[in-house]
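A.B. asks: Before anything else, here's the structure in question.
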Amino acid sequence: MEVAGYGTHNRDLKQWMVTLLSALSLMMVVVTIGLLALFLVFDIQVNSNSGQKSSNQLKDLQETNENLVDEIFIDSALNNRYIKNHVVGLTPEEDDTKADIVMVFQPPATGRRTVGKKTHHSILDQKTRNARALPADVSLVQVKDCGKRAIPLIANRIVSGNPAAKGAWPWQVSLQRSNIHQCGGTLIGNMWVVTAAHCFRTNSNPRQWTLSFGTTINPPLMKRDVRRIIMHERYRPPARDHDIALVQFSPRVTFSDEVRRICLPEPSASFPPNSTVYITGFGALYYGGESQNELREARVQIISNDICKKRHVYGNEIKRGMFCAGFLEGNYDACRGDSGGPLVIRDNKDTWYLIGIVSWGDNCGQKNKPGVYTQVTYYRHWIASKTGL
C-alpha cells in the first residue's frame with residue numbers, strides 16, 4: 001500500500017517501506033464548514049451546553065470529511081489506487097477547521113512508491129472548489145426538503161449488492177400486486193411515485209396494487225393503496241420507448257427520516273459520462289434469481305450514449321429518452337425486480353436527484369450489456385403536467 005501524507009516531515013523515510021504514513025494537514029476551507037459558519041447556517045444557538053455539542057459536531061465533521069474525500073478520489077484519476085482515508089485530527093480555527101488526514105493508496109505498477117503531493121493537492125482543489133459539508137447535526141435537515149438523507153453517504157464503505165442501511169434511501173418504494181413485490185418505484189411527492197410503465201403491462205388495475213415503504217418488504221415500514229396509475233400515452237409494448245408511469249396513492253405520507261421524496265432535476269440538467277450514480281432495489285442478485293426481502297444498493301457509472309449505441313453494446317436500440325449506466329465489464333447492475341426503481345446522483349450540496357428509472361437490459365451484469373434507464377430530464381415536463389411537481 002501507498003500512503004500520501006501532508007503536514008509532517010517524512011523525507012528521511014526509506015523508499016523500501018511498503019507503507020508510508022504521514023499526516024495530511026489540509027485547510028478544508030470549502031469542504032469543511034467552520035463551526036461558526038455552521039451555527040449561522042443552521043441557526044444553532046450557542047448555550048451553556050455548547051462545549052458538549054461542539055464535541056459532537058467535531059465528531060460528525062470528522063466523518064463528513066472522510067466521506068467527502070472518499071467521493072473525491074473515487075471519482076478521480078486515482079480511483080483504481082485509492083483505498084481509504086482517516087481524519088486523525090480536527091482543529092477549529094477562526095473561520096474554518098483544519099483537518100489532519102491520512103490517505104492510503106495502492107502503489108503504482110511502475111514501481112514508484114510515492115505519488116507527488118501536487119497530484120493530490122490538484123485533485124482535492126479541483127473537486128472541492130464548489131463542495132460543502134453536511135450539517136453536523138443531521139436532525140437539523142428539514143424533512144420537507146427533497147433529496148435529503150438522514151444519514152450521510154459513506155461512499156467507499158458501500159459494498160455493491162449488499163443490504164442498505166435503514167433510512168439510507170428513503171425514497172425507495174416497492175410496488176406490489178397481491179402483496180408480492182413486482183417492481184421498484186421512487187417517491188417524488190407525498191402522494192406520488194414514479195416508476196416504469198412496463199411494470200403495468202399485464203395489469204394496470206389500481207385496486208390490485210399497493211405500495212410498501214422501508215428497507216424491508218416484510219415487515220414493511222408502512223403501506224399505501226394505489227388510487228391511480230398513469231402510463232405514458234406513447235408507451236406501446238413491446239417497444240421500450242416512453243417506459244415511464246406515475247402512481248398516485250392514498251393516504252398521503254408524512255415525511256420522516258425513513259420516508260422522504262427525491263428531488264427531480266430541471267429539464268435542462270445534464271449529467272456527464274463516468275459520473276458516479278447509485279441504484280437500489282429489491283431485485284434478484286443474479287439472472288433468474290428471486291427478489292430480495294432487504295433493499296440493496298450498488299454504485300455504478302453513467303455510460304455515454306456514444307458507447308452505449310455501439311454495435312457490440314445496444315446499437316440502435318437506444319432511443320431518445322434512454323441512457324445507460326453500469327460497467328461494460330459487467331459486475332453490478334439492476335436485475336429482475338429492480339424495474340421502475342431509482343438511479344440517483346448527489347450534487348455538491350449533498351442533495352440527491354432522480355436521473356434514471358430502471359427500464360431494461362440484456363440479462364443482469366452481462367459484459368457489454370449495461371442497464372438501460374429512462375431519462376428523467378427528458379420526461380420532466382410530462383411529470384409536471386400530470387402531478388404539478
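Numbering starts at 1 and runs along the chain as displayed.
Positions of Cβ are set from backbone N, Cα and C atoms, glycine also.
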A.B. asks: If you check Swiss-Prot, which of Cys199, Cys263, Cys364 bonds to Cys335 via a disulphide?
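C.D. replies: The record-listed partner cysteine is Cys364.
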A.B. asks: Identify which of Cys263, Cys324 is listed by Swiss-Prot as the disulfide partner of Cys308.
C.D. replies: Cys324
A.B. asks: In whole Å, how far does the CA atom of Asp243 (active site, charge relay system) lie from that of His198 (active site, charge relay system)?
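C.D. replies: Taking the Cα atoms only, Asp243 (active site, charge relay system) lies 6 Å from His198 (active site, charge relay system).
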A.B. asks: Looking at the disulfide-bonded residues Cys183, Cys335, Cys364, whose Cα is closest in space to that of His198 (active site, charge relay system)?
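C.D. replies: Comparing Cα positions, the candidate nearest His198 (active site, charge relay system) turns out to be Cys183.
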A.B. asks: Which of these disulfide-bonded residues is closest to Ser339 (active site, charge relay system) if you go by CA atoms: Cys199, Cys308, Cys324, Cys364?
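C.D. replies: Closest candidate to Ser339 (active site, charge relay system), judged by Cα separation, is Cys199.
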A.B. asks: Looking at the recorded positions Asn274, Ser339, which sits with the largest number of other Cβ atoms within 10 Å of its Cβ?
C.D. replies: Ser339
A.B. asks: For Cys183 (disulfide bond), which residues of its chain lie six or more apart in sequence with Cβ-Cβ distance below 8 Å?
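C.D. replies: Listed in sequence order: Ser174, Leu175, Thr195, Ala196, Cys199, Gly337, Asp338, Ser339, Gly340, Gly341.
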A.B. asks: Restricting the comparison to the recorded positions Asn274, Cys308, Cys324, which residue's C-alpha is spatially nearest the C-alpha of Cys364 (disulfide bond)?
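C.D. replies: Smallest Cα separation from Cys364 (disulfide bond) among Asn274, Cys308, Cys324: Cys324.
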A.B. asks: Express the predicted model's confidence over the domain 'SEA' (31-148) as a mean pLDDT, rounded to an integer.
C.D. replies: 56
